[in-house]
Amino acid sequence: MARKKISLIGGGQIGGVLAQLCALRELGDVVMFDIVEGLPQGKMLDIAEVGPVDGFDVCLKGTNSYADIAGSDVVIVTAGLPRKPGMSRDDLIEVNSKIMTQVAEGIKQYAPNSFVIVISNPLDAMVTLCQKITGFPYNRVIGQAGVLDSSRFAAFIAWELGVSVKDVVAVTLGGHGDDMVPLVRYTSVCGIPVMELLERKYKDKAKAKEVMEAMVKRTRGAGGEVVALLKTGSAFYSPASAAIAMTESILKDQKRVLPTCCFLQGEFGVNGYYVGVPAVLGENGVEQIIQFNLDAEEQAMMDKSVAAVKSLVDSLK
């Protein structure tokens, strides 16, 4: 049986971590494309040379030619400029939309049967543009945002409560920006509602609410927090790991329910836009969008987030 093939578009920080994770997990052979001559070749050679130490056996190739992504099962797009301190994700739209246009044309020509996972920011606009240019079915073009946002939310909760991150289940909806919607009501620790645990810890409902609001705020600004600390770029370990979870679910048909930037056609009252929602990811890409009820406050936050997505995406038209 032929190995799976994963192509990474963009040889920056995220691309490098993606390549290493793909190799360590032996998800398939990996190609890294970048326009900078020598960069993808050097990174892939560096990773390949540690195969005997880490015990992975896959083919790793760096390239400056889109032709080398032919036959890809999954293409992960990280190409684009990262944020700098003081910038929002939306500030990147003009330059990164030009880059995404070229990338999508390359994918369309050389990997027409692939699944595409977009990481580039501003995410909601970039995945929309990628799908529009490739013309691929909506189930085959998705964006990575919610897995990372939910992971950050879960981490903050675990640290606050002093419990294992493995036992926290959290979910975020909406766009990948300051208006994302961390769903407190659906967040739990080993099945126990998180607010109940916070209220028991502080023995004060008002204090518990205050602590949760701070964690929600931190989740919304988590990417910017990393940017401010790094000063020279944006997060790369965490978005790479999040994209790998999605890739693995597709390649291995795991049917995992993961927060995914999907094209909505009426779900959650949204029609014709890519928005973050829980979805089943399997061998057919997005196989099912998981719908559930939102209360009035949650719906209002979702509406605000979707409005921000629409404004950003419509600016591309």
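Cβ coordinates are placed from backbone N, Cα and C, and glycine is handled just like the others.
When other Cβ atoms within 10 Å of the Cβ of ILE119 (NAD(+) binding site) are tallied across all protein chains shown, the result is 29. Summarising the annotation, Swiss-Prot assigns NAD(+) binding site to GLY10, GLY11, GLY12, GLN13, ILE14, GLY15, ASP34, ASN96, ILE119, SER120, ASN121.
In the shown protein chains, 25 other C-beta atoms lie within 10 A of the C-beta of ARG152 (substrate binding site). According to Swiss-Prot, the substrate binding site annotation covers ARG83, ARG89, ASN121, ARG152, on the basis of sequence analysis.
Its Cβ taken as reference, HIS176 (active site, proton acceptor) is surrounded by 29 other Cβ atoms within 10 Å in the chains shown. Under the DSSP three-state reduction, HIS176 (active site, proton acceptor) is assigned to coil, being neither helix nor strand. Summarising the annotation, Swiss-Prot assigns active site, proton acceptor to HIS176.
Ranked by Cβ neighbours within 10 A across all protein chains shown, the binding-site residues GLY12, ASN121 are led by ASN121. The distance from the Cα of ARG152 (substrate binding site) to the Cα of ILE14 (NAD(+) binding site) comes to 17 Å. Long-range Cβ neighbours of ILE14 (NAD(+) binding site) (same chain, at least 6 residues apart, Cβ-Cβ under 8 Å): THR78, ILE119, PHE236, PRO239, ALA240, ALA243. Other Cβ atoms within 10 Å of the Cβ of GLY10 (NAD(+) binding site) number 24 in total over all chains.
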